[in-house]
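Undergrad: Features from TrEMBL:
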BINDING   K82, K106, S358  substrate binding site
ACT_SITE  K118  active site, proton donor
SITE      D158  site 'Important for catalysis'
BINDING   T202  NAD(+) binding site
Amino acid sequence: MSIMVPSTTPALITPGRQALDSALHQLDQAAAHLGLDDGLRTMLATPRRSLTVSVPVRREDGRLDVVQGFRVQHNVSRGPAKGGLRFHPTTDLDEVTALAMWMTWKCALVGIPYGGAKGGVAVDPAGLTTRELERLTRRYVSEIMPLIGPEKDIPAPDVGTDEQTMAWIMDTYSVSAGYSVPGVVTGKPTTLGGSLGRTGATSRGVQIAALAALGRSPEGVTVAVQGFGKVGALAAQYLSDAGCKVVAVSDVTGAVHAAGGLDVARLRAYAAETGGVRGFHHADALDRDDLLELDVDVLVPAAMEGAITEANAARVRARLIVEGANGPTTPEADEILAAAGTTVVPDILANAGGVIVSYLEWVQNMQAYSWSSGEVEIKLRDLMLGAFADVRSLAAERGLTLRQAAHVIGVGRVAEAHQMRGLYP
Ligand SMILES: NC(=O)C1=CN([C@@H]2O[C@H](COP(=O)(O)OP(=O)(O)OC[C@H]3O[C@@H](n4cnc5c(N)ncnc54)[C@H](OP(=O)(O)O)[C@@H]3O)[C@@H](O)[C@H]2O)C=CC1
Ligand SMILES: O=C(O)CCC(=O)C(=O)O
């Protein structure tokens, strides 16, 4: 049986196509290891539902722009589909499909009862006013309304979206339902039923995974973080709080480096005020992509897919990579890093803290109850460390990389759910 994968521009290798190729390669490796038959493997390679929508946006000057939006539900065998919503100019159906597939394995790996989904709108949010963004978000939600719901598919923040976006989604859905439906979305403001601890959850998970992988005192361990958005900035903060020395960070505007360690709290305030890390007085400027090749103990890619490729992997000097981003390392780069003895804590494990606390938020919404930040933190830590231990022990037992082991566990659990439900035979 051949695999049908969507492609918007088959003649061109877009970043989205690269991400989807990586995701399919990782699935193939796991399926071969698990001995899955070709039919089941094909089913897991194919999204259950993909929706492409045209979203008209009325601009402040009266113009009407039309942008493309997507929502892909990759798999729903273990529960409702779950995954973030991305606003980014290069987002396409291939990228969203890859991200949805990674959500499926991530949720299975950390043992939460969800399938995987992702949404995207091909737009640069920095080029829109707040009112334009609100109109865009509400119209996108109206277009994907048939797919989403607290028991069907639950969006959350990703690149270019935040808790305000989630509030507009919750309101648009609730107005249509005729009553408040907080459980339709996670990563909401706490005033609307958001969970304590969700804002920093992905970064907290990155910190937990990094410290577990280090296996020694973090005191003085040098760290570079690519991406200084929701995930990267707080990952840098939490690693610094734990005693690591964060020596470099980057965003789209550039990179900054201080051999003695950055004052991360001060840099966060500076970036919030100026719109980026570039020009921070208490550090040296660095070429943005040179950050990936610094001589540090730990590298945290927390920006976009395809940051570490066969073109630069051999020059990566960090001995430990903890993937805050989804898909930052291509399969070719993975091979180079593995041969060099570099440990990679894979995305579906390292950045799972976000969806774990999203799950806790949804559970609180469904019960109309809320937990303290301490309770949330304990549950997050338990789920992260449990998944980390499962991955590490399978990797050691079978001679796999941490990424291969994580995919064998995630894909294996989803395959088992299909077989038990009898949907496929
Ligand atoms: N938000 C979440 O809960 C989760 C996010 N993730 C993943 O984490 C990653 C980051 O997401 P998130 O923090 O939410 O997104 P944000 O939009 O908040 O931040 C993205 C950051 O990456 C920067 N960036 C983009 N391209 C580059 C580049 N080439 N070099 C350096 N920096 C760059 C952006 O810079 P600038 O601001 O200047 O544009 C920004 O600082 C994504 O892969 C996402 O899928 C994974 C799990 C959960
Ligand atoms: O919190 C969620 O539901 C999903 C977060 C996300 O998009 C991701 O883990 O990549």
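Just so you know, glycine gets a Cβ as well, placed from its N, Cα and C.
Unlike curated entries, TrEMBL annotations are predicted automatically.
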Undergrad: Please check the recorded positions D158, T202, S358 against ligand 2 and give me the ones with CB under 6 A, sequence order.
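TA: The ones that qualify, in sequence order, are D158, S358.
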Undergrad: Please check the recorded positions K82, K118, D158, T202 against ligand 1 and give me the ones with CB under 6 A, sequence order.
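TA: Only D158, T202 qualify.
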Undergrad: Which are the residues of the chain, K82, K106, S358 excluded, whose CB is within 8 A of where the CB atoms of the substrate site average out, their centroid?
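TA: Leaving out the recorded residues gives G83, M103, C107, I112, Y114, G116, A156, A352, G354, V355, I356, Y359.
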Undergrad: Would you list, in sequence order, the recorded positions among K106, D158, T202, S358 whose CA lies within 10 Å of the CA of K118 (active site, proton donor)?
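TA: Close recorded positions: D158.
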Undergrad: Is it possible to get the count of other C-beta atoms within 10 angstroms of the C-beta of the residue listed as 'NAD(+) binding site'?
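TA: Taking all protein chains shown, the residue listed as 'NAD(+) binding site' has 30 Cβ neighbours within 10 Å.
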Undergrad: For K106 (substrate binding site), just count the other CB atoms lying within 10 A of its CB, please.
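TA: Neighbour count, Cβ to Cβ under the 10 Å cut-off: 28.
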Undergrad: Cα distance, D158 (site 'Important for catalysis') to S358 (substrate binding site), nearest Å?
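TA: S358 (substrate binding site) to D158 (site 'Important for catalysis'), Cα-Cα distance: 12 Å.
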Undergrad: Could you check which of the recorded positions K82, K106, D158 is the closest Cα neighbour of T202 (NAD(+) binding site)?
TA: D158
Undergrad: Sort out the sequence-distant neighbours of K82 (substrate binding site) for me: same chain, 6+ apart, CB within less than 8 Å of its CB, listed by position.
TA: M103, C107, I112, Y114, G115, G116, A117, D153, I154, A156, V355, S358, Y359
Undergrad: Taking the residues the record says bind substrate (K82, K106, S358), how far apart in Å are the two Cα atoms that sit farthest from each other?
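TA: In whole numbers, the farthest two Cα atoms are 13 Å apart.
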Undergrad: Which residues does D158 (site 'Important for catalysis') neighbour through Cβ under 8 Å, counting only same-chain ones at least six apart?
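TA: Expected: G83, G84, L85, R86, L99, K118, G119.
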